[in-house]
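As structure tokens, the structure follows; a few thoughts come after it.
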Amino acid sequence: MPELTLVDGSGVRRDFPAKLTWQVIVCTVIAACGGLMFGYDIGISGGVTGMDMFLEKFFPEVYVRKHQAKANNYCKFSSQLLQLFTSSLYLAAIVGCFIGSICCKKRGRKPTMQIASVFFLGGAILNAAALNIGMLIAGRLCLGAGIGFGNQAVPLFISEIAPARYRGGLNLCFQLLITIGILTANVVNYATSKLHPYGWRISLGGAACPALLLLLGSVMIVETPTSLIERGKNEEGLHTLKKIRGVDNVDKEYEEISQAVEFSRQIRHPFKNLWKRSSRPQLVCGALIQIFQQFTGISVVMLYAPVLFQTMGLGENASLMSALMTNTVKPIGTLFAIFVVDRFGRRALLIEAAIQMFISLGAIGVILAVHLHSTNVVEKHYAVLVIVLVCVFLAGFAWSWGPLGWLIPSEIFPIETRSAGFSVAVIMNFVFTFLVAQTFLTMLCHLRAGTFFLYCAMLAVMCLFAKYFLPETKGVPIDEMVERVWKQHWFWKRCYKDHDTGEGGLDKPKDNTIA
Ligand code: BGC
């Protein structure tokens, strides 16, 4: 496999000898199973909450309303309890992610992923065996904790083991497995929806499979060199670095990591340090990109796609089928991004996709506004057009804001604030997914098609953000971001004007020259 030659913006060659080794590929795929857990859950909850047998058992009042002949199209699924079922997971994920970030720093990325899989496994068992709504919610909380730990550790892990030149593509495997998880869940839901009255138990219990994959697979993977060196295991760190880079000459990279870690040792309170001026660029961009990921309206489309299709008058089966179809588009979109993200860069994808999603969501809004009234059913050809537009929207998301929402925050923070900063970004994802999930059905009920125009307005703002405030990070070694990216950016460089000081008022070593 090829040796890597890095060339920075100023044309200076920076060589970190490295091959794209099998170790890196295998470790990436195993870790990305964390994405499979996340995706499976997203796909399953959307489908299960549309199943009659599930609604009848746990949410009888929604079940009755759904079958009332004259129920309002925009309001028939609105139920606080049903929304709580979907969103409770995100509350637990927020706590899980915060504790996971401390665990990542103190114990390493690998054990954090293992804890994630154990929580997720427990949640799957509780849900499959649920006898009442209490057990159902308890299971959701365990799954949420698992997702919190997992989504914190996996993207960081991949970004740290990946050679700079392939970091984007490798990190995007996380999103690829999220989308494969969603697709798998849709297939499972489609099959189990016919198994009365316990099909939903199989759907929810199936979450155990990705958890087991991560748990068993994680025995084989390495810890990241950065995390080993950060925890004083320098020898092991050097050895691992040689192993994953596939070359003996890793001195330059090792030295750079050691230097970054040395500086980070003087920072005792990473969370406190995050609020310093010099952390502001990464904190603002990391958090915003995750918030914006949710403001694309993706969770609206994902969590409630089957519900949305039913609202348009497609039957239960047709809805699951269309959700299946639209979800096939996403892995394909993300696969495309894997090959182009390190070539075209992050910003080009973000800007193009924001425009594409703006147009498709706007068109969906217009169709619903004009053709879907309170109690009618949309004509078939319009329903089909909405499905096509959903596909266009999802393709755009899948090669941009979806995967890059995880990649960018995992690569922009310096080591001293990396775990803490990334956790803030991930927590933002959960908070806003929660808010969107908790409010969407109510919003749809009151704002109707206007809901979609609201997300369109957000997409316009996001496009401008990506164009003017987000620097390009492709190909830059992860520990050189501050010098080569943030200090060079027309807007963010102001945060480094006076003194680039850390918590103890220490200057960060400027010498990161790599001949
Ligand atoms: C997002 C989820 C979304 C999923 C869809 C993830 O990156 O965080 O909110 O449902 O992608 O593929």
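Glycine residues also receive a Cβ, built from the backbone N, Cα and C atoms like all the rest.
Among the features that TrEMBL reports, domain 'Major facilitator superfamily (MFS) profile' is placed at 27-474. Look at TrEMBL and you will find 20-40, 81-103, 115-131, 137-158, 170-192, 198-222, 283-307, 319-341, 348-370, 382-408, 420-440, 452-470 tagged as transmembrane segment.
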Query - Dominant neighbour of the transmembrane segment (348-370) in 115-131, 198-222, 319-341, 382-408, 420-440, by Cβ pairs under 8 Å - result: 382-408
Query - Segment proximity, the transmembrane segment (170-192) to the transmembrane segment (198-222), 3 or more C-beta pairs under 8 Å - result: yes
**Report entry** Integer mean pLDDT for the domain 'Major facilitator superfamily (MFS) profile' (27-474)
**Finding:** 90
Report task. Would you kindly list the residues that approach the transmembrane segment (81-103) from elsewhere in its chain, counting only those six or more residues past its ends and only Cβ-Cβ distances under 8 Å? Result -> 41, 45, 49, 55, 58-59, 62, 111-112, 115-116, 119, 133, 136-137, 140-153, 303, 419-420, 422-423, 426-427, 430-431, 433-434, 437-438, 441-442
Report summary line: With the cut-off at Cβ under 8 Å and a gap of six or more residues from its ends, the chain residues touching the transmembrane segment (115-131) are 34, 37, 96, 100, 103, 138-150, 153, 201-202, 204-208, 210-212, 214-215, 218
Query - Maximum Cβ pairs under 8 Å to the transmembrane segment (170-192) - stretch from the list 20-40, 319-341, 382-408, 452-470 - result: 20-40
Query raised in the report: Under 8 Å, at least three CB pairs between the transmembrane segment (420-440) and the transmembrane segment (137-158) (pairs 6 or more apart)?
Result: yes
**Report entry** Residues from the same chain, set at least six apart from the ends of the transmembrane segment (137-158), whose C-beta lies under 8 A from its own
**Finding:** 27-28, 31-32, 34-35, 37-38, 41, 84-85, 88-101, 103-104, 109-110, 112-113, 115-127, 130, 167, 170-171, 173-174, 204, 207, 211, 214, 224, 406-407, 409-410, 418-419, 422-423, 426, 429-430
Query - Intrachain residues whose Cβ lies under 8 Å of the transmembrane segment (20-40), provided they are six or more past its termini - result: 1-2, 113, 116-117, 120, 146-147, 150-151, 153-154, 157-158, 161-163, 166, 170, 173-185, 206-207, 209-211, 213-214, 217-218, 220-222, 243-246
